[in-house]
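Peer 1: Below you'll find the structure I mean.
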Amino acid sequence: MAKIAVLGNGSWGSVLGSMLADNGNDVVLYGNIDSVNQEINEHHTNTHYMKNWKLNPNVPATGDLEKALDGAEIILFVLPTKAVRIVAKNARKILDKTGATPLLVTATKGIEPGSKKLISDILTEEVYPNDSEKIVAISGPSHAENVAQKDLTAIACASTSEENAKRVQKIFSNNYVRFYTNDDLVGVEVGGAVKNVIAIAAGILVGKGYGDDAKAALMTRGLAEITRLGVKYFGAKPMTFSGLSGIGDLIVTATSQNSRNWRAGKQIGEGKSLDYVLDHMGQVVEGATTVKAVHELAEEKNIDMPISEAIYRVLYENADVDQEIKTMMGRNPKPEIQL
């Protein structure tokens, strides 16, 4: 059993926290919405994010970060990408006072715009400078709604430390979620982050009325882009993208109605603006943020990412979806396999 602080009490944070408590761990949820914390504490529900579902009754919620981190052996970050750095800074101040050195696990899937840093890089910079071995990333085909119902899945847990990856594997695994260790930390993170951009594209195709062939082709070429970025910019291992955090996460995120990125793309394909979609989603659409960083990375290293670049233009340069599709299908002929 471990004492675990889960930072972020949205849908995925709540489900992971409840699952970890079911596994026999001592868990506390941290979030900054008082009404959500109150509902979790009084009713063991989180209807703001998850309808018709109850958390493990032994999981309390708090808006006090110092209280949440008290005695924690593991800190699990399940925050929007834009919130990770500031919360990590605040966590470092608290940990410095106590001298505690908990393991940091990230379930956040994104790339920070501006810095173009992965979440593990942010946590290393802000909490454990020059000690990335204390960081573990978990990523794979895992929608909160499905895991909440104890549907079966498998997730990668990656770290530069085999010992820490195995520790997370042991603590997090149960009879419906199987964790596999992986030593390619950056590859696992890139797959989890950039697949959200491709999921928006897949949703756009559905919104425009395209069929299964188009979606399958998009996902396949999208995986090629994810791999290209991961290998060329971050030094990831190509095989990682054939695993749970690559093709596994991409399939579910680009096909499921539980995917907020897919739903956002579908509405854009139907003619709604990005501002409208973000205002009405009620949840974070990470792909809309990640695509900004991907655009900057692709330009900086001259990496060929036509799908991601098209999504950037549609979301932020008011490009016409139909014209972008026409342009993409009319590109110069190329071999299928190339990095």
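Using the three backbone atoms N, Cα and C, a Cβ is placed for every residue, glycine included.
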Peer 1: Starting from the sn-glycerol 3-phosphate binding annotation in Swiss-Prot that includes LYS109, GLY140, SER142, LYS195, SER259, ARG260, ASN261, which of ASP151, ASP184, ASP249 is the extra site residue?
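Peer 2: Of the residues offered, the record points to ASP249.
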Peer 1: According to Swiss-Prot, SER11, TRP12, LYS109, ARG260, VAL284, GLU286 bind NADPH; so which of ALA83, ALA137, ALA144, ALA319 is the extra one listed there?
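Peer 2: NADPH site check in Swiss-Prot: besides SER11, TRP12, LYS109, ARG260, VAL284, GLU286, the record includes ALA144 out of ALA83, ALA137, ALA144, ALA319.
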Peer 1: What does DSSP say about SER11 (NADPH binding site): helix, strand or coil?
Peer 2: helix
Peer 1: For the binding-site residues ASP249, GLU286, which one has its C-beta crowded by the most other C-beta atoms within 10 angstroms?
Peer 2: ASP249
Peer 1: Among the binding-site residues listed here, SER259, ASN261, whose Cβ has the fewest other Cβ atoms inside 10 Å?
Peer 2: SER259
